[in-house]
Amino acid sequence: MTHLTTPSATDGTPTAGEAAVTVARLSGAAPARWTWGQLGLLVVLAVVVLFTVPNPSLAIGMLIYGLWAAGLNLLVGYGGLVSFGHALPFAWGGYAAGLTLLHVSSSAWLALLVAVVSMAVLSALVGAVCLRRTEVYFSMLTLAFAQLGFFIALQWDDLTGGDDGLAGIPVPTLWLPGTTVELNALRDPLTFFVVTAVLVLVVFAGLILYTESPMGRVLQAIRESEERARGCGYSTRLVQLATFVVAGAVAGLAGGLFAMLNNFVGLQPYWLLSGVVLIMVILGGRSSLFGPFLGAVVYLLLESTLSRYFASWQLIVGAIFVICVLAFPQGLWGLLTQTLPGLFRKRRRTR
Amino acid sequence: MTEPILTAAGLDRSFGGIHAVNDVSLEIPQGALHAIIGPNGSGKTTLFNLITGHTRPSAGRVRFAGEDITGMPYSKVARKGLAKSYQITTVFPLLTVFENVRIAAQAAAHSYVFWRPADGIRAVVAHTEEVLERIGLAGERDVIASNLSHGDQRRLDLGIALATSPRLLLLDEPTAGMSPSETAATVELVKELNRDVTILMIEHKMDVILSIADRITVLHQGEKLFEGAPEDVKSHPRVQEVYLTGTL
Amino acid sequence: MRGKSVGVAGAVLLLTACGGTVAGGGGGGGGGSDEPVRIGVITGLTGAYVQLGEEQRNGAELAVEQLGGQIGDRPIELIVRDDQLKPDVALREAQALVQEEQVDYLTGCVSAATTLAVNQIATQAGVPYIGTCQTEQLNRPPNYDADLTYHLAPTPSQAINAGSPFICDQLGRSVFLLMPDYAFGHEQEAAYKQAIPEQAGCTVVGTAYFPLGTTDFNPYIPTIEGSGAEVLVFGGAGRDQVSFLRQVDQFGLTDRFRTFLSIEDLSFDQELGFDLIDGTWAMAAFYWNVEDEGVQEYVDAYREAYGAPPGGYGVYLWNAINLIAASIEDGAETPEEFREFMEGKEVSLAQGEMTIRACDHQALAPIVILEGLAADEAESRGGDGQWGYREVVETLPGSEDYAPTCEEVQTEFQRAG
Amino acid sequence: MGQLISQIVLGLVSGALLVLLALGLNLIFGLLEFINFSHGALYMVGAYVASYLAVATGSLWPALLVVPVVMALLGAGLERTIIRPMYGRDQVDALLLTFGLTYVLIEGVRMIAGSGGRRVSTPELLRFQVDLGIVRLPAYLLFVVVVVGLVVAGLHLFLRRTDVGLIVRAGIRDHVMIRALGVPFDRYRTLVFALGVAVAGIAGVLTGPITGVYPEMGADILILAFVVVVVGGMGSFWGAVVAGLLIGVVVSLTTLYASVYAGIVPFVLMILVMTFRPRGLLGAT
């Protein structure tokens, strides 16, 4: 009878029974052979987008949103930390890059650098407060900071343009060894696409490395049992904070690119925008980095096509989302790497 | 004689007026296999928590390897070489057995590395394999931890603690819920481990304790009732009175 | 077997699709003699102001239908896109319309944030953009592009300059302003604070802001009551307006204050109902029972097509399409020619007499002052028992007097460089 | 001074509806450890049902009785179908599931009832103001406060005095123990979820005459209700009540002194509370 102790003593670690239920969630969902293969998949996806998506700015937007979602998944999927405020770093990156281009220099490198570095610093501060708690408290705190950011952007309209948006951002120039190119998405979308794709690929590779590095592995261990990770000697908050900073910096980069794409930074309620990127992550699947990227592409495709024919297209998105969480917690990625291969295997066997 | 690896002096902790641990002192010499016994509610687990930094003592100090660690956070204590295995199995449920141990194994030298793949660090991989070998789970290295049998999960729990290469290992009922054969295997394992690491354990099964511990502390209602060699415990009248009678 | 054919189909699709992708690059464009006229409409078809967006789509479609689907020999291709009231979506859709659909003109919007976003793309792409929502910013630096930007809706200050004499003369000489805390509200506040003191003996005795999305106006009641104002001017639209009027009515404030709504639309009125509208005043750039030939022609056609009278937002789109049509019939093919056609244009369209002045491409159109009616009143005054929520008590023709002078505009442009 | 007091009174009144929403949310969280993000959307559905009933019957009164029942049934139905598989899974999954459900409910209502709002008139009987000396309040708002008070008292008695409540409260503390005792826990989970949704429905009915009824009405207030729950302490009954009233008053006072900040002040309050009392004002430690 010694075992009828309260489960609360275990620091919220799922008991064996519960874990068995969730096992389907992760077991083998990210087969090791796919780890670096994701980079290849991303190249393929980028090429497919390049040749099939008829709207250039949508195509470029897919890369940017994809990167944003993949970065968020560091927190959501790998860290078990659901941020409800990931619009904040995206918007911040946009303002930082936009204001740099407007007032300092038209160098794309400088603008992006400012976006990334300033967002990393801000993330460290915000994260230090938000990560005092985990689970839903963390979500609520990130939401609160996003609301705070929205409020400041709205009120400080001398700087940000308020809800009218930050307009008139000049076309940036990109210095490359031996040459400089103009990043004008409207006049020369191909250059913009290629530059974005290369940047995204490099950062994506960095994200894969991060998840595969000792630090990234500890992050996943913390998601499984923070208590145990502490017992191994890890400062779990430090690892989570570092990840928060990385995710923030990546979102800042995405936001900066987005500002360059549009030469404009708009303001919209951040909790809505945070919700959209979260949908992309779940739709694509939480157990990989490529999944959220795919989720972003599919979501934008749904939005841009469905919305033209069906005013209540969000009903479909919502329903897909519910089905995803209920039946395919691994999202599209799980569907592609687990369910479909499983079906094929079965069919072959029955033959 | 070298300094004891762990010294607890006058540890005290009360929860809302009730003394869970009352003026308990311990000295664990290097290489010992020290057991703590006591009926339910006698303060064993609280004592562990006071040592590991989970709970702050109301009074008293804890010294580990010549350093005052009183009130130090658990992760920092762990980094100093004090590892704990849990009464209620605590592993990383959705990671593979190998990864469970590897996480612990990399803690020593590669905690916060983010610029190279973890699987490429040879020393860590080798150490992980060695630990898996030792706890007898080498054959299950790619199994998801939560799919292991209860006994295997307990051994994995121990393995995680072991992989951090601790200088002192705290075991909280390592054989809880195990079948007799699993228990026997674990007893052998603990004995073997004790060859190169000091062990402090809580255990309920008296036969287990008597067969492996070289020194025993008996707790009763938060206070130290007795401390001595196993044979002395067996013969001590007060211990028999409060503890042995009826439980075996 | 199936897998293979899907693969082949995919490859074919991929190859054929190349034409209009990033990789494929842009195509021709430009206006030939029987090339279609492509007009892109971007408006909020989802989000808080759906009805206004739908209204705009209706106005545009009605205009195209009335034109018989073509201008001269050139067929009209109307492409309507939803911006969800989000600037980033507006940007994307604007880019899609410019790059993918190769539109010749862009128009539509219900909120300032999206109009500036669309204008940004239009000016970059060299496509004329005709803004259709109330904002001061569209034809001011840095947004205004003299070659491409036009604004058919009144700016808040135009409407307020026109309406302030009525407020002070007819409603009361002390005014309390309750304004939404975003650009639209700030612009209104500035305009009222300038226009009200210009009326003899009239003052603004208090101002309060309410944040975006406020539904609970109760905490504002004591401030309003304590202000000693005779007139309560409310600057919010849509849901804000509905919540606000419901709550001041429950507090009995509509009996003690003269409530004046800075912006009116039939779709809001429908949600308010006669009960709440009765005893309030409002201001609008269009109301369906204005006595004017042009207005009534539009209203009749609209009622016939959609079964209800139009609100105030479709009319801008109807006007925009008709202006584009007139310009093409006039021989204007390029943006430069369109500009020549538009600048200084005096026309009578669905809002009545209207001038588009040359210096900032701002339309100067009438503003109407409306008095809210009770249901029985509406019928007894010969109005419409179903839709006649308000009676036009004053019509102020479009005039430069209500807008900043062209000299003022010039200095502002110069200051901005 | 008079204005200060009337501002506080109005804040309490505004807080009352928040309390109701937060309580439903908290009840579900407390027992089921389930974060119901769709609570706001369900509140909106309740308001819509009430608006149709009011048109059909010509009065709001029947809705006050019928809507909680309808919503309870809807809640039970949802619990049995899509909520139940979430137990034992991550809290995060619950959050995400109900997030998707919110979209479905809002868009569903939009398809059926249109995007425009619906009118709900203040009941004829309550169209007057009551002079409380310092502040004149609409009778309808006083009525709302009374109903909220009754619901709070009713829930409190239900949780304190009935066997069901006892089991529910015990279940909040210890699921395993309750199941070990052979209590049909699943049935109680359905009951609690239904009850939480019914309370949201009541809030929906009461809100109709104050703001009108429209598809997005649940979105903003839900976030505020979450803030209330977190500030009060998740799972704490009186925490939700105290925090709801507190936030009502704080927002009301901010409106008086610096109305621009009224929208942001609850979030600042939450950050402060989380920093200094991580478990919330009345949360268990």
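Each Cβ is built from the backbone N, Cα and C atoms, and glycine gets one as well.
TrEMBL has this to say about the protein:
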TRANSMEM  A:34-53  transmembrane segment
TRANSMEM  A:65-88  transmembrane segment
TRANSMEM  A:108-129  transmembrane segment
TRANSMEM  A:136-156  transmembrane segment
TRANSMEM  A:190-210  transmembrane segment
TRANSMEM  A:238-259  transmembrane segment
TRANSMEM  A:271-301  transmembrane segment
TRANSMEM  A:313-336  transmembrane segment
Proximity of the transmembrane segment (A:238-259) to the transmembrane segment (A:108-129), 3+ C-beta pairs under 8 angstroms: yes
Recorded stretch, among A:65-88, A:136-156, A:190-210, maximising Cβ pairs under 8 Å relative to the transmembrane segment (A:108-129): A:136-156
Selection from A:34-53, A:136-156, A:190-210, A:271-301, A:313-336, the stretch that has most Cβ pairs under 8 A to the transmembrane segment (A:65-88): A:271-301
Spatial neighbours of the transmembrane segment (A:271-301) far in sequence, C-beta under 8 Å, 6+ residues away: 25-26, 29-30, 34, 38, 41-42, 45, 49, 53, 58, 61-62, 65-70, 72-74, 76-77, 82-88, 90-91, 142-143, 146-147, 204, 207-208, 211, 317, 320-321, 324-325, 328-335, 337
Sequence-remote partners of the transmembrane segment (A:313-336) [C-beta within less than 8 Å, at least six residues beyond its ends]: 24-25, 29, 279, 282-288, 290-291, 294-295, 298-299, 302-303, 306-307
For the transmembrane segment (A:136-156), distant same-chain residues with Cβ under 8 A (at least six beyond the ends): 81-88, 91-92, 95, 126, 129-130, 162-163, 267, 269-271, 274
